[in-house]
2 protein chains.
Amino acid sequence: MAEGSRSPLRSFVEVAPGSHFPIQNLPFGVFRRRGSPEPEPPRPAVAIGDFALDLAAVSDAGLFHGPLLSASPCFRQETLNMFLGMGRPAWKEARATLQKILSADEPVLRDNEALKKKCLVPMSDTEMLLPITVGDYTDFFCSVHHARNCGFIFRGPQTPVNPNWFQLPVGYHGRASSVIVSGTDIIRPKGQGHPTGDSRPYFGPSKKLDFELEMAAIVGPGNELGKPIDINDAEEHIFGLMIMNDWSARDIQAWETIPLGPFLGKSFSTTVSPWIVTMDALKPFTCEAPKQEPEPLPYLAEKNHVNYDIPLEVWIKPKEQSEPSMVAKSNFKHLYWTLTQQLAHHTVNGCNLRPGDMFATGTLSGPETESLGCLLELTWNGQKEISVGNSTRKFLEDGDEVILTACCKGEGYNVGFGTCTGKVLPALP
Amino acid sequence: MAEGSRSPLRSFVEVAPGSHFPIQNLPFGVFRRRGSPEPEPPRPAVAIGDFALDLAAVSDAGLFHGPLLSASPCFRQETLNMFLGMGRPAWKEARATLQKILSADEPVLRDNEALKKKCLVPMSDTEMLLPITVGDYTDFFCSVHHARNCGFIFRGPQTPVNPNWFQLPVGYHGRASSVIVSGTDIIRPKGQGHPTGDSRPYFGPSKKLDFELEMAAIVGPGNELGKPIDINDAEEHIFGLMIMNDWSARDIQAWETIPLGPFLGKSFSTTVSPWIVTMDALKPFTCEAPKQEPEPLPYLAEKNHVNYDIPLEVWIKPKEQSEPSMVAKSNFKHLYWTLTQQLAHHTVNGCNLRPGDMFATGTLSGPETESLGCLLELTWNGQKEISVGNSTRKFLEDGDEVILTACCKGEGYNVGFGTCTGKVLPALP
Ligand SMILES: [Ca+2]
Ligand SMILES: [Ca+2]
Ligand SMILES: [Mg+2]
Ligand SMILES: [Mg+2]
């Protein structure tokens, strides 16, 4: 067999082995050059190796030739929302153009030093920004392991999972204003916790600060109010995925949550990774979705019922330790209700989705002890400790940095998400 | 006593007795001229009698002289968000300028026919639009009568109100994308309802479509993430109030709500009135807020603990009847947790508010049988009927128009909100 016929796609940009960002990936983000004398406006990019490819510069150079993008201002915006709204044909055109101009065989960028300098910005010179304006953010609750553990912890062993859970993807509206990009510090929230005995409720810094290992899907075109999206069209509306940490203050959450659900226990910060990995890049990592029993109602029954095999890890770096330690290892594939089922359910009542809306999966716990996606589950609500390097934790302490990462292993390449990080600062006085 | 010293403020624009919109009110909205040959961009306005005063035109004519507004583009925007972000000093300056140029004694507009024609647009020639871009919409649950009735209906007579209710303003995140302006039709949502016995869950058009009589506060400047707003500064961040109908599908809501709260039972549509009545216009209608027992925690204890006396009405007009009938009569003053307490609570964990965010009060039920703010309470979840003209209702039927209205009665003038209306259309096939 000739070498050429099986050589994988390769870029002229050097990509270290093990990099999350080879030419097979090309996740989208928004960056600003660090330390330019005058602040530049943010601009869209894709990641390639250790570089951000500046899509405004690529656009200015006239390298987007295709019918949908050649005259579009979508890459001269400060967020990806316009591009998201253009839908899958534009996404495919962008990916094809970018894979071509970055490939080892294509001279247009490779052999133009001046243009290369303009377009390829070393990641060390970039500040990554929140790449989308989030109109609405919905948090689902779609890992059965997480649902079972939370039910057990909060409601006891009788009916850990409420009967509706197996009939519909349970979700709630999250807070959009406090969605922030990886690297932003988290100030420990203050709030009320359960009273003990006849006393007043606790008020002060949360004593049960937690992370939640999640992924967030980013919505493309969306729908008009009143017009549901059919389950078999749903994938046309999902652009890609980010890693997400749904920081949670368990004491605030437990006290406030009856009867209307989570509110201030969650709304103080929600961190997302800067890069959105496209569903097109994730296609090779498609896998079978968990069998659903009972069978879903017809509006949730889909022809293409798939998940994605995305290994996930959680690391914690305490302030006084020089290295982070892994505390959990899970996988996106544990999701019981697929992204497309979530989207069809979300719109079945006519609710409108807009480009840039975020759907989070809920905590992606798996079945094993080490695959639990939050400290609530790992320490069984603080009843036991886990070890973190040479220390232990029940909940997060000031100075702890939480690092989530996700990376799909392909044949000879990765499709990775980078990291989603945040460090806990003490509560304000 | 000389007549002059007590004559109330009066406009040269004719205002019919009983009008909601005298010069004492001047609520803000956004309109577009109806039937102009080319579609004009939306523009901010205040209501005066039967006219919308075009603030872009007033601004173009150089009539905003004050230091904050004379050079500001805030009234050349398509929403009020920029103006909201400028805060109370700008709001006061706008009100003072507008009351002056509209007053009977002031010739600048009164005696300039050409300018008057440009600035004063008959309401019959306007299409009112959603006046704000809603970043986040929060729905509180602050009428104790509503909380008690809902608790009784859904959880039984043992603990109708959960103990946290008297310690904090319970609320949840609502859906921002489906906030719509008065007059927009409501398509009956489809969704899942409780299974009966061993059957599958119900799926189809909601059989328990309801309204909720609420008011929504509109947020001004807001705060940075991580920096709570002190309760005694909270009023600087509240621009004004609208009437709101939080349409609810009770069957969908009941089945989905455990454990994360309302989702698709609410997110299909939320209607607001087009005019935002400012807190400055509402000041004369200040009244004592309900005594709070137990005393609120220090972060919720406020120096100026007040409510507003705003009479509210709900009317229903069935398709086959020519006139609407009143079905409920309540008052904003039943709110247990004040708007400022809601705002202080919302930010105490560091959650950031942005200009244009909406806080809804929750259903404003009062203590009397006729002051219940939704059909769930009025018909005790469909267990009895109420009469609507010569017909009866348990829940809303297709063709029903729901009309909410609110109007404060001053001495010789009203400060009214107009109406908040929506007609129920049948579910899509
Ligand atoms: Ca979550
Ligand atoms: Ca409500
Ligand atoms: Mg969160
Ligand atoms: Mg609603």
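Note that Cβ sites are derived from N, Cα and C of the backbone, with glycine treated the same way.
Here Swiss-Prot flags B:ASP139, B:GLU212, B:GLU214, B:ASP246 as Ca(2+) binding site. If you take the C-beta of B:GLU212 (Ca(2+) binding site) and look for same-chain residues 6 or more apart in sequence within under 8 angstroms, you find B:ASN245, B:ASP246, B:TRP247, B:SER248, B:GLY362, B:THR363, B:GLY373, B:CYS374.
Under the heading active site, proton acceptor, Swiss-Prot lists B:HIS146, citing similarity to another entry as support. For the recorded site, B:HIS146 (active site, proton acceptor), the DSSP three-state label reads helix.
As annotated by Swiss-Prot, substrate binding site applies to B:ARG155, B:GLN253, B:THR363, with the evidence given as similarity to another entry. Counting every protein chain shown, 14 other Cβ atoms lie within 10 Å of the Cβ of B:ARG155 (substrate binding site).
The feature Mg(2+) binding site is assigned by Swiss-Prot to B:ASP246, B:LYS266, B:THR270. For B:ASP246 (Ca(2+) binding site), the number of other Cβ atoms no farther than 10 Å from its own Cβ, over all displayed protein chains, is 26. Look at B:ASP246 (Ca(2+) binding site): DSSP puts it in coil.
Checking the recorded positions B:HIS146, B:ARG155, B:LYS266, B:THR270 against ligand 2 with a 6 Å cutoff on the Cβ atom leaves no residue at all. Counted within 10 Å of its Cβ, the other Cβ atoms near B:GLN253 (substrate binding site) come to 22, all protein chains included. B:HIS146 (active site, proton acceptor) is surrounded by 27 other CB atoms, counting those within 10 A of its CB over all protein chains shown. Nearest by CA distance to B:HIS146 (active site, proton acceptor), out of the binding-site residues B:ASP139, B:ARG155, B:GLU214, B:LYS266, B:THR270, is B:GLU214.
When the binding-site residues B:ASP139, B:LYS266, B:THR270 are screened for a Cα within 10 A of the Cα of B:GLN253 (substrate binding site), the ones that qualify are B:LYS266. Report note: the Mg(2+) site is defined by B:ASP246, B:LYS266, B:THR270, and the residues of the same chain whose CB lies within 8 Å of the CB centroid of those residues, excluding them, are B:ASP139, B:GLY174, B:ARG175, B:SER178, B:GLU212, B:MET244, B:ASN245, B:TRP247, B:SER248, B:SER267, B:SER269, B:ALA360.
Note on B:ASP139 (Ca(2+) binding site): other Cβ atoms within 10 Å of its Cβ, all shown chains, come to 28.
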